[in-house]
């Protein structure tokens with residue numbers, strides 16, 4: 001039986017268990033529900049939970065241990081010389097056997113034939129045993145719960161407690177995600193820094209991660225100085241912010257202070273569409289239209305513009321983050337109390353003077369928070385730079401040249417073949433760590449400023 | 001005396017200030033108008049970018065919904081298809097269809113004799129044309145031995161020429177089609193044998209190296225499976241954790257940490273989630289690479305913060321009086337939340353969830369990390385088969401050098417945008433329809 005079918009079967013059994021529990025409680029109540037501690041349906045839920053949860057637990061444990069146990073016993077059947085192999089070779093052998101079973105390896109090697117047969121039998125056995133055990137667990141749970149139903153049985157409290165655990169567990173997933181990110185990135189980074197010193201990574205000016213695949217190959221040993229990536233990222237992000245901050249801020253001011261309600265209700269959602277367009281679309285736009293356009297424009301002025309110029313990527317990224325700046329700024333400008341504006345008007349200030357000298361300074365922390373969030377978005381943006389920025393790690397501040405970014409390098413290092421013991425692959429995780437830390441600092445700073453500012457006027 | 005003096009001094013000053021203010025007024029008014037104009041210009045610029053972006057994509061995309069087909073009079077010669085006279089399905093599958101096509105092409109241009117020229121003549125047809133012919137004959141086996149006019153796809157270069165996306169004025173050496181080929185094509189057009197028809201292939205097939213055979217079906221199915229996993233996992237977990245944090249969590253350090261943590265996760269770059277998926281789901285748990293299952297798990301972790309934040313604000317907007325009334329007539333806390341608060345907050349939560357799903361649908365960077373960038377021809381049929389998703393397909397096609405892929409990339413983008421607009425429209429509709437002001 002397939003695992004998904006089994007899961008479905010378990011669900012069906014629990015629906016049945018719900019009815020069993022409900023009916024049982026009604027029998028015990030002898031027609032008077034007030035005799036029961038909880039409503040009959042809670043006895044139903046109680047029985048259903050007892051039917052479902054233990055069987056589910058069994059299923060998960062089985063899934064966790066099935067393949068190691070099977071692999072181990074398959075190895076045991078192999079001849080002596082295969083059993084004494086190193087762990088890596090054993091893994092390869094197991095892979096061979098699995099592939100022959102699924103038919104993707106083509107011809108089965110004769111010496112593995114017995115093992116393949118054995119594996120097939122084991123798999124079938126394991127499946128049937130699991131199905132049998134899980135279903136019997138479900139029924140045992142159901143009958144156990146049914147036998148516990150009494151008049152004073154506090155079913156509701158127990159059901160509610162279980163639900164509470166589920167709610168708590170769900171909210172912990174967010175924490176687990178963060179822990180997972182930190183651990184996965186950190187472990188691989190530590191392995192990386194075991195091979196390449198941290199100082200070289202942080203201060204080295206050379207980035208050429210292509211490492212010789214074979215030891216006898218004549219090639220560079222690879223250089224892992226990430227400074228050109230950092231400057232490239234900063235260059236593109238700064239261009240993006242130079243585009244986005246004035247446009248976003250002025251749009252927000254106009255929408256919040258000048259625009260009529262009708263105009264605002266049309267223009268604001270339209271501007272926000274810019275943030276909802278998938279980044280791969282921007283990347284395509286940047287590579288296909290903007291970059292050649294800028295190149296042509298540069299040629300008209302006699303400038304030599306690279307076809308993967310930082311300017312094109314930055315410009316398009318700037319368009320993308322306009323809404324991040326504008327909608328947060330808009331919120332904060334709206335949050336400035338009307339009394340401040342009235343005070344300025346009473347002193348004879350014009351509207352623009354009020355905005356520039358009263359409203360903006362009052363909303364400044366919030367606006368800065370919004371800009372920081374936009375900056376973190378720009379630094380972490382991937383698809384636009386992968387598609388429109390270059391791969392060559394140039395250490396330059398010239399926006400017309402091609403630069404590469406941290407995210408681009410992560411993608412190029414990890415797409416394709418991966419070897420988890422070469423510094424080339426591990427470098428991607430080290431870059432990921434830097435990226436995570438940088439955006440984390442920006443986010444925490446921004447959220448802190450925003451939160452503090454919100455309290456100020458509430 | 002002195003009073004009068006001071007009065008006149010002040011009034012003089014008053015007049016002077018008044019005059020100063022008055023003199024400054026035009027300048028200040030101009031400044032005011034300029035400032036207002038800047039704001040308007042910026043909004044127009046923002047909206048202008050939007051229009052340019054959409055205009056650009058649509059102008060590239062519209063031609064991809066049509067594909068050029070050639071009318072060939074194919075003789076289903078029994079001596080070629082079924083030389084041994086076996087009359088079974090096997091022979092129809094393995095028959096030499098390219099030979100049939102070559103014959104029909106030479107029938108059209110009998111003057112072409114030289115080998116090299118013949119090869120380029122046959123190059124007018126798509127390399128998928130034999131398969132089309134095979135499918136056609138399998139559907140109409142009665143045609144065996146007869147001659148029938150069949151519409152077959154042409155090569156992408158020819159397609160581009162017919163759609164006038166290849167510049168004929170460029171020198172011959174810089175063109176992919178030579179002058180004699182263009183002459184053939186012009187003759188075919190004049191004979192009415194080349195025709196643009198609706199591009200069914202684009203919606204019906206998986207990826208291909210040949211633009212004229214490539215379609216988005218595989219990517220669409222991959223996206224569907226991935227989103228299915230994301231929805232099934234992130235909806236219950238997101239709603240549950242929003243409920244816990246908003247309704248049950250004691251306000252202490254832990255809850256604060258969880259809250260800050262969720263806000264941070266919402267702003268972590270998506271590519272970092274890809275690294276997490278690679279390290280945890282693929283390397284540690286050994287789940288199959290490139291599969292919608294892993295993609296869905298990664299996107300779940302990514303959309304959870306969005307759903308939780310939206311869910312919390314929806315719960316927050318339900319007034320406390322509802323809770324108090326329910327508690328007052330003896331409902332337990334759990335009953336209050338699930339019977340009274342949650343139904344009222346559900347539209348808001350759903351809106352947030354749909355927006356989160358839309359973001360997940362458009363996401364590609366983390367999926368590159370977990371190997372969903374492979375070149376996959378087959379349409380995936382389950383959660384564990386290797387597949388790709390629509391945005392990644394767009395990325396892959398955008399990288400291809402063939403001219404024919406440009407319009408197909410744009411068309412795929414249009415399809416993606418259509419899905420996103422539908423989802424966001426649904427979210428807006430839900431909000432408008434069920435929004436309640438207390």
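For all residues, glycine too, the Cβ spot is worked out from N, Cα and C.
Sequence-distant contacts of the transmembrane segment (B:37-58), counting only residues of its own chain at least 6 positions beyond either end whose CB sits under 8 Å from a CB of the stretch, comprise 410, 413-414, 417. Residues annotated as transmembrane segment in TrEMBL: B:37-58 (among others).
Per TrEMBL, transmembrane segment is recorded for B:219-245 (among others).
Residues annotated as domain 'ABC transmembrane type-1' in TrEMBL: B:220-427.
Listed by sequence, the residues of this chain that lie at least six past the ends of the transmembrane segment (B:265-286) yet keep a Cβ under 8 A from its Cβ atoms are 294-295, 297-298, 301-302, 304-306, 309, 363, 365-371. Marked as transmembrane segment by TrEMBL: B:265-286 (among others).
Same-chain residues lying 6 or more positions outside the transmembrane segment (B:293-311) and placing a CB less than 8 Å from one of its CB atoms are 222, 225-230, 233-235, 237-239, 241-243, 245-246, 262-263, 265-266, 270, 273-274, 276-277, 281-282, 287, 345, 348-349, 351-353, 355-357, 359-360, 363, 366-367, 370, 372, 383-384, 389. As annotated by TrEMBL, transmembrane segment applies to B:293-311 (among others).
Residues or ranges marked as transmembrane segment in TrEMBL: B:337-358 (among others).
As annotated by TrEMBL, transmembrane segment applies to B:411-430 (among others).
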| Surrounding residues of the transmembrane segment (B:411-430) on its own chain - C-beta under 8 Å, 6+ positions past either end | 57-58, 61-62, 64-65, 202, 216, 219-220, 347, 350-351, 354-355, 357-358, 361-362, 390-391, 393-394, 397
| said: For the transmembrane segment (B:219-245), give me same-chain residues lying six or more residues beyond its boundaries with a C-beta closer than 8 angstroms to one of its C-beta atoms, as numbers and ranges. | reply: 206-207, 255, 258-259, 262, 292-293, 295-297, 299-300, 303-304, 307-308, 310-312, 314-315, 337, 342, 349, 353, 356-357, 360-361, 367, 372, 376, 379-383, 387-390, 392-393, 412, 415
